Amino acid sequence: MTSDLFSLHAPFRPTGDQPTAIASLIESLQGEHKFQTLLGATGTGKTFTMASVIAELGRPTLVLAHNKTLAAQLCNELRQFFPENAVEYFISYYDYYQPEAYIPVTDTYIEKTASINDEIDMLRHSATRSLFERRDVIVVASISCIYGLGIPSQYLKAAVPLQVGAEYDPRLVIRDLVNVQYSRNDVELQRGRFRLKGDVLEIVPAYEDRVIRIEFFGDEVEALRLIDPVSGEILQSLDRISIYPARHFVTPEETLEKACQQIQTEMEQQVAFLEKNNLLVEAQRLSQRTRYDLEMLREVGYCNGVENYSRYLADRQAGEPPECLVDYFPEDWLLVIDESHVTIPQLRGMYNGDQARKKVLIDHGFRLPSAADNRPLKAEEFWQKVKQCVFVSATPGVWEIEQSEARVIEQVIRPTGVLDPEIFVRPTTGQVDDLYGEIQTRVKLKERVLITTLTKRMAEDLTDYFSERGIKVQYLHSEIQSIQRIEILQALRDGEFDVLIGVNLLREGLDLPEVSLVAIMDADKEGFLRAERSLIQTIGRAARHIRGQAILYADNFTDSMQKAIAETERRRKIQQEYNEKHGITPQPINKRANNAILQFLDISRRLNSQQLEEVYEQAQDLPLEKIPDLIQQLEEKMQEAAKKQEFEVAAIYRDRIQHLRDRLLGHKK
């Protein structure tokens, strides 16, 4: 059941209500409806369903995830389903990013500082290159895809085409490469660089880690080869190739000169406005900064903070939305939004947060008003670019359901036959002793327990209480750093302890098949963590275990509780009837080694530079002069992880580096 474009490889066929969901989604999409929702319960194989839909439709697809970790997991799964097709990964390429900001109260200006991850930048370029050269493309992206990404037409036009047998002056080829931001280095060949030795020109494109070798005979291209950068082995001989720019932002010379004139005019107008309002310091600041930037732009075509002039460099009108990743897709592209109930609110919030920061910079003379157009898309601008979309969630939001109208397609039957958890509501009187008994039962069966509380204090108290009674327990809260969170979750799966307590264990994508019991304390206290959607998601953490149960400790039945229980019971009944009809006995889930937690985040086995860990743990007591040395060592580890495409590991190091830099900055203040 696949188109000629995509080749779906799966060790299983659609089962349960997957065939119906796949057929319904395809029918809806072929009927050219803009919005449809896949309401898929935990463990029902939503990713496989979407892979089947993509394969059948045969259209370039953008899969949007609400964080880098889930994007990485989805990308990995889809690459397994589509090994012969282009499954690309597009997330923010910053290892460290401190946006430019100004705090008027303390008169503190914070300059933009950023560290770009070279490997992720390569993957971003690989994504846009694939979109230009083929149709069998799936790009898995985070929300960063709604930020400006140059102009696709200019990017494509600037590519340097080469063909075997054609004639090119090597000097002109080199000039063209320099014009699209490649640099010459005859000693060390890295991504975005080239070298010329005799009649051989070697380039490492922005989207490759392999070398393209161009062999000239006079002005004729005699051979084009793809070379292994380490061994020098010829991997492939090519007939033709296009070398795409080293950066997505490509500005033709004539556009650059026009942009400089427009920047000059706006600066003069804004300086006059500030002076008229007696804001002389701001006027002087703006004039000085902008004149310096203009000088740099005219001399070298670049300046720090060049993105703030993107309205003019991209030749856009005031208020016109920037072109972003979605503009690199052909017209018939498909959008899939994973965990849409989380991703869509995130999509709405990006623009407002960005504009609030920019307004302060503009008002105080740090930036021209046009800097406000260096921004992410507004939600309505994004939807105008979308032709068709599938929302995917176990608990879709009201907005998604309204937009989908009658096209909400359910997928609640698990191929494994595992039922949704049994739910019990028990009074809060004696709840701790009751829970202790339940935990003992689970421990004897070598199963795991999740307990969610409303306060950090209660989580700590419960942890102490159970620990004193011999239960192997740990707790999770917001102050625990990323690396520790991951290590704790891994240790739970490995059986190093049996009970995990936390304030917010509501983690979409949290995949813990060993958990057979979820206990929700204060389930009747209405609020975000005890809303219907949150309760369903939390109860669902036990939905991968054949003996899954959830206990809600409450003295009242809230509306949210009633709805969550009713929905879970409804799904449980559907699965039960299906199992009886088809003679299915629920089977435990045997997750592959590269499951959702471990496939990108196998921290304890890959990070163990134990000494570095111990030094970092004591960083608060380190003399300030030692901090830069520690930062340097962490940066080396970060780059090493990035080279192995262990991007979440690299991100953990990035967060540590940022924490240490913040300490240094705080001291300077």
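In case you wondered, yes, glycine gets a Cβ from its N, Cα and C as well.
So that you can see what the record holds, here are the features copied from Swiss-Prot:
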- 27-414: domain 'Helicase ATP-binding' (DOMAIN)
- Gly40, Ala41, Thr42, Gly43, Thr44, Gly45, Lys46, Thr47: ATP binding site (BINDING)
- 93-116: motif 'Beta-hairpin' (MOTIF)
- 431-597: domain 'Helicase C-terminal' (DOMAIN)
- 628-663: domain 'UVR' (DOMAIN)
Across the domain 'UVR' (628-663), what is the average pLDDT of the model, as a whole number?
76
Where does Gly40 (ATP binding site) sit in DSSP terms: helix, strand, or coil?
strand
Number of other Cβ atoms within 10 Å of the Cβ of Thr47 (ATP binding site) across all protein chains:
19
Taking the Cβ of Ala41 (ATP binding site) as centre, how many other Cβ atoms lie within 10 Å?
24
Return the residues near Gly45 (ATP binding site), defined as same-chain residues 6+ apart in sequence whose C-beta is under 8 angstroms from its C-beta, sorted by sequence, else 'none'.
Gly16, Gln18, Gln411, Arg414, Pro415
What does the DSSP secondary structure composition of the domain 'UVR' (628-663) look like, as residue counts for helix, strand and coil?
33 helix, 0 strand, 3 coil
Using Cβ-Cβ distances, find the residues under 8 Å from Thr42 (ATP binding site) that belong to the same chain and are at least 6 apart in sequence, listing them in sequence order.
Ala394, Gly540, Arg541, Ala543, Arg544
Gly40, Gly43 as binding-site residues, winner by CB count within 10 A:
Gly40
In the same chain, which residues outside the set Gly40, Ala41, Thr42, Gly43, Thr44, Gly45, Lys46, Thr47 have their CB within 8 A of the centroid of the CB atoms that define the ATP site?
Thr49, Ala394, Gln411, Arg414
So how many other Cβ atoms are close to Lys46 (ATP binding site), meaning within 10 Å of its Cβ?
22
I'd like the per-state residue tally for the motif 'Beta-hairpin' (93-116) from DSSP, helix first, then strand, then coil.
0 helix, 15 strand, 9 coil
List the same-chain residues at least 6 positions away in sequence whose Cβ sits under 8 Å from the Cβ of Thr44 (ATP binding site), in sequence order, or say none.
Gly16, Asp17, Gln18, Gln411, Val412, Ile413, Arg414, Pro415
